[in-house]
Every structure is written in structure tokens, then in C-alpha cells.
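Colleague: Supplied in C-alpha cells, the structure appears directly below.
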Amino acid sequence: MKKSIGILSPGVALGTAGSAMSSKFFVMALAVFFSFAQVVIEANSWWSLGMNNPVQMSEVYIIGAQPLCSQLAGLSQGQKKLCHLYQDHMQYIGEGAKTGIKECQYQFRHRRWNCSTVDNTSVFGRVMQIGSRETAFTYAVSAAGVVNAMSRACREGELSTCGCSRAARPKDLPRDWLWGGCGDNIDYGYRFAKEFVDARERERIHAKGSYESARILMNLHNNEAGRRTVYNLADVACKCHGVSGSCSLKTCWLQLADFRKVGDALKEKYDSAAAMRLNSRGKLVQVNSRFNSPTTQDLVYIDPSPDYCVRNESTGSLGTQGRLCNKTSEGMDGCELMCCGRGYDQFKTVQTERCHCKFHWCCYVKCKKCTEIVDQFVCK
């Protein structure tokens, strides 16, 4: 959703003798304005539906609640149209965004950039304006989150336009096993996620060969990589039937993989993401042509990552000052790498944990609370 920006106050008249603005300066001012406006527009994202999700409030579903879609921050015009048509889907779009954000923060919890969110509709701040491999991962995991949420909502009967999976019986399923049950509707989840998530990119028009057109292609590719990862990791789940658990009969269905498995797979793709550039035909090609071309499940990026060591308002980097680090680790979570060589401070803190747990018949576990003083380290 675009933010309104006042260009000129009513009291300013162009072309009057009292105006000190020359035509040349005016053109320059407009150029700056539209550049700024572009940044503001790009700052909005549907990811904001995953932050304190407003569409979970019951009052938005009252009859005639059409204003809901126009009031949701971050939606493009195409996404607002889909919102009007499928209002019952919006809660699960928000859940998918939230799932993606949480998984991003888990996967990057020990990295200099830890998927921190900011308090506005951009969700991740200005860092997403850079076509880096971190941006690539974020687009992929959020698109994957929507497929995950929509597929499960169909299975649970929460949506009026879909139900249980209609996936064909796998050819390698044993003949005496039944194919049925109520599986996650991954086909529907994939299709709707593609329609909704890609809508913003497909309605943007930029000159062929421009940086903006490269970002659109990058975003679309990574959205698809996230969706396909969910689709390809889905597997057959089965339940036994029979007397005393003999499992003489099995009923099987299609089931989503645990989303942590999706996050792990996308994190591996992040580590091997392909650097891309636009060719003369306006297509993305690899910077290093000696490598194999990325598949539809690989992540791609067009910009080098910014310096995440220090706070930088222009790139959106929050820096690592104040981040906890592991003194004994030689990995990215270690104080040497996390603190970028600046050193670290040590302090003591009290931790409380459950301990001495015992099982009582029947049927509960009772624990005591134990406290200990531990050393912690934070980057200078």
C-alpha cells in the first residue's frame, strides 16, 4: 500500500516571479521525489500480515467487511483484489508469513544478520532493498510459509474453495495399502501462494535491462524456489489398522514435511546461492558461466551482501553490537566472527531451568526449578 506524500504545499506557486526554483532545479527535485517515493513504496510488504496479524480478529469477518482489504498495509493492487475475492484466505496468508519470519530468525540466529524485524510494514527494513542472498532466502522462506499454511487450512476445512488433497496414488505404494485419508492439499496451496505472492512482482513494470527488472526476476525465481521446496518435500504418511495394532491394513495420504525441514533445505540453498546478472536479452544469467545454471529450486541473488558488522542506516544493517556470542565457538556464532574483531564484554546472569523431574502415576511429570549463575558474552 502506497504511503501518501505531499509534494508541494498549496501556498507554493510554480512559475511565479517570487519562486526561486528554476526549471532545472524543479526537474531535479522531481527526480529526487520519485526516487524517494519508489523507496517508500518498496518498503511495504505483504509480510507485514505476519506481524501481529490483524486478519485474525473476528470482527473483520462481519457482513460487508470489504474495507478490510484496503486497510491491510503492504498489499499491492493485485493482492487487494485477491483479498476481496478470498477474504477467508487472508488469515492463512498471515500465518504463512509469520511461519516464514520465525523460520528465517531460527536459521540465522547465529549469523551477523539474524533476520531482525523492524517496527513498520517493511518488516525487515531497508536491507531488503538490496538483492543479496539474505533477501533471496527471505523471499523463498516466506513464499514457502504461505504454501504450508494454505495447504493445511484446506485439509482442516477452514477454506470454502478447497478441501483434502486429491493427489494421485503414488505408483510405488504397496497394492494392499489404501490411498485415502485427508491429506494436505499442497496443489491448492502451491497455486494460491503463486497467485498471491507473485502478484506484486507481476504488476510492476520497469524498463528492460534495468536494475528493477532484474530484482523482479530475482524475486520471482526465489518465490518459486520456496514453493517448490515445500512441494517436493511433502511425503506419504500412513496409519495402521488392525486388531491389537497388527497393522494388517494401512491407510496413507500426502502430508507436508515439518517446516523446519523446509527451512533447513532453503538454508543449504542459501549457502550455495548463485550470483546472477542481466544479459542483453533481459534474462538473468550466472556471473560465473563455468558453474551449472541454477535450477528452479536454487536461490539466486544480484547484489553482494552489505557489511552486517556495523550499523548502517542506508543499507539497513543493524550491526552486531550487543549481540550474544559464544566464546568457545570457532563458527559464525563465535565471538571472534560475530563481533567482527571488535572484542566482547563479559557479564554474569542467573538462569532458571527445570530439573530433577519425576514421573508420577498417573500421569504427570513434576519438576523442581534450579538456578545457576552463568557467564555470557556480548559484542562491543
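Counting begins at 1 with the first residue displayed.
Positions of Cβ are set from backbone N, Cα and C atoms, glycine also.
As the structure is a computational prediction, the values presented were derived from the model and not from experiment.
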Colleague: Among C247, C252, find the residue that Swiss-Prot gives as the disulfide bond partner of C240.
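Modeller: Between C240 and one of C247, C252, Swiss-Prot records a disulfide, namely with C247.
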Colleague: If you pull up Swiss-Prot, which of C340, C367, C370 shows a disulphide to C357?
Modeller: C367
Colleague: According to Swiss-Prot, which candidate among C325, C340 shares a disulfide with C335?
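Modeller: Swiss-Prot says the disulfide from C335 goes to C325.
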Colleague: Quick one: of C104, C162, C182, C335, C362, which of the disulfide-bonded residues has the smallest count of other CB atoms within 10 A?
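Modeller: Lowest Cβ count within 10 Å among the disulfide-bonded residues (C104, C162, C182, C335, C362) is C362.
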Colleague: Of the disulfide-bonded residues C104, C339, C363, which one has its Cα closest to the Cα of C238 (disulfide bond)?
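Modeller: In terms of Cα distance, C238 (disulfide bond) lies closest to C363.
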Colleague: Compare the C-alpha of C309 (disulfide bond) with the C-alpha of each of the recorded positions C104, N114, C154, C162, C182, and give the closest one.
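Modeller: Nearest listed residue in space: N114.
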Colleague: DSSP secondary structure for C325 (disulfide bond), reduced to helix/strand/coil, please.
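Modeller: The three-state answer is strand.
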Colleague: So if I measure Cβ to Cβ from C154 (disulfide bond) and keep only same-chain residues at least 6 apart in sequence, which ones fall under 8 Å?
Modeller: C162, G163, C164, S165, D184, N185, Y188, G189
Colleague: Between C340 (disulfide bond) and C240 (disulfide bond), find the distance joining the two CA atoms and give it rounded to the nearest Å.
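Modeller: With distance taken Cα to Cα, C240 (disulfide bond) is 54 Å from C340 (disulfide bond).
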